Amino acid sequence: MLLRPARLSASDLLRLGGTGLRARPLRAVLSALGIAIGIAAMTAVVGISASSQANLDRALAALGTNMLTVTPGQTMFGKDSYLPDESVSMIRRIGPVLSATATGSVDAHVYRTDRIPAAQTGGLAVLAAQLDLLSTVGAALAGGSWLNAATARYPAVVLGADAARRLGNPPTVYMQGRWWSVVGVLAPVPLASEINSAVLIGWQAAATYLSFDGHPTTIYTRAVEAQVEAVRGVLAPTANPQQPDEVKVSRPSDALVAQRTANATFTALLLGLGAVALLVGGIGVANTMVISVLERRAEIGLRRSLGATKGQVRTQFLTESLLLSLLGGAAGVLLGYLVTGLYSTTQSWPTVVPLWALAGGVGATVAIGAVAGLYPAIRAARLAPTEALASA
Amino acid sequence: MSQVIELSGVTKSYPGGVTAVRSVDLSVEYGELVAIVGPSGSGKSTMLHLIGTLDRPSEGTVKIDGHDVATLTDRQLSALRARRIGFVFQQFHLAPGRNVVANVADGLLYAGVPRKERERRAEAALVRVGLGDRLTHRPHQLSGGERQRVAIARAVAGDPAVLLADEPTGNLDSVSGAGVVELLRELNDAGTTVLVITHDHEIASGLPRQVPMRDGEVV
């Protein structure tokens, strides 16, 4: 008769590993919980960061990354420079520029009523705006209407989102001894936050009523996406050919991209914390398995007498450890996904958990289960059957 | 070949100079019902380990079902135990959370029997030991005598060449104990070779053949 040990089928092995866990369900759940918390933390960190990025990307896609702004810098002697009046029309003539528009800072303060003390300016800027401002900066109206050729000549204002909130959404505002009617309110403008806290008036009205000098202080331009860098290079000399070094050019979407990079750094830090939690969970599983082997010496002896090989005993305990951590890993991935979903819903972000995070979470638990279970399983297999039976 | 157990000049000594079994010769034929009897410390348990291939002799040869234990690897010994040897222990060794059929079916797990077949044979073995009406019970719902019957069913489910019972009545009252001995006798009548290890002379004297032991030697 040929003596060869029978192989255990995969389903027998799974059942065998499962019976060990079912015998002490509370212990199994608690040690799986350690793994679950670690994996949940990591999944949620990756998920929330990915969701935030998806939101930023969505915002960038909606806003476009092809906007450049031109502002006056300072002269060699440290005084504020200014942009020539014709700079906007000069910029419009650059080939790849799609549109160019400007606002000009007006030296005036705006108040809700004539009863507000003059010192309480509320930090609101008054900007003269050209009529094509909205389409170039990507702004939308929250209510009312934008200035038109007629209202741009008269005392009419459009409020930025923050300005409207700070003034309390008034029907009229008071400026330089005159009542101005509010014709519209803007929605927040992500790429030009200075507009949010501004009160916008027509170019001509600014000149007529507020002695505006007509110099643009910020020029917003949109260029063909592929030519943005080239346009950026020629903007300063075009805007102010005499003093090109007194012109500052920036790309507002760069700030959003930088924010994304900053997020990534923070995510790496949090991931490290999650990994520590996972490590502690893994140690918990190892501890549970060591205790399990010590307690179940009699079972090991019995199984050896029933004909289990050393390898089969080892595989049984290893399977048990893998199942334990997989249980934790699956629960953790699920929990992490739920946390991500919950958080991004409250932030009205899209919920994004990258596939690699899910697969990585499960893969990490398999690795942890194997490492944590290996030593206890080897100890169980090394136990001499006579010794194991004697300890009962 | 008619000897299922063949020990010749078997000695087992442990590190530290303790000799548990000293030059023992023993042969048991297929179909026998034998009692190894002796007080504690006489080397009975070591005999069980040697015959059950759980341990190897320091000297001499042990042949079980025609296989010389010395020539077999640990894996081959495991396979031999899985297919040809059934164990019954004083402490029953039943898994508490699992029903009687699952406990008995575990006896066939390492012999490579598919699951459905394991359960079928486990039920048959339980009927054979008189527990046909207890199939879904768990060990804690059974009396001591019934538990030992479950353990016996597990040992005989694979139809082994030899059934080794180590103090099978040690944890039982005399009535249950007598019932278990009666069951072993019935199994023997049906053809199973049974080797009982006991310190109880009363039980041993009721069996056809006794091998008395004292201080590691057959006397």
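Quick reminder: no glycine exception, Cβ is built from N, Cα and C everywhere.
Look at TrEMBL and you will find A:28-50 (among others) tagged as transmembrane segment.
Sequence annotations record features per position, and here TrEMBL assigns domain 'MacB-like periplasmic core' to A:29-232.
Per TrEMBL, transmembrane segment is recorded for A:269-294 (among others).
What TrEMBL records for A:273-384 is domain 'ABC3 transporter permease C-terminal'.
Among the features that TrEMBL reports, transmembrane segment is placed at A:322-343 (among others).
Residues 35, 39, 42-43, 46-47, 50, 278, 281-283, 285-286, 289-290, 317-318, 320-326, 328-330, 332-333, 336-337 of the same chain sit 6 or more residues outside the transmembrane segment (A:355-375) yet have a Cβ under 8 Å from a Cβ within it. The feature transmembrane segment is assigned by TrEMBL to A:355-375 (among others).
Residue counts for the domain 'ABC3 transporter permease C-terminal' (A:273-384) under DSSP, split into helix (H, G, I), strand (E, B) and coil, are 97 helix, 0 strand, 15 coil. Model confidence over the domain 'MacB-like periplasmic core' (A:29-232) stands at 88, taken as the mean pLDDT rounded to a whole number.
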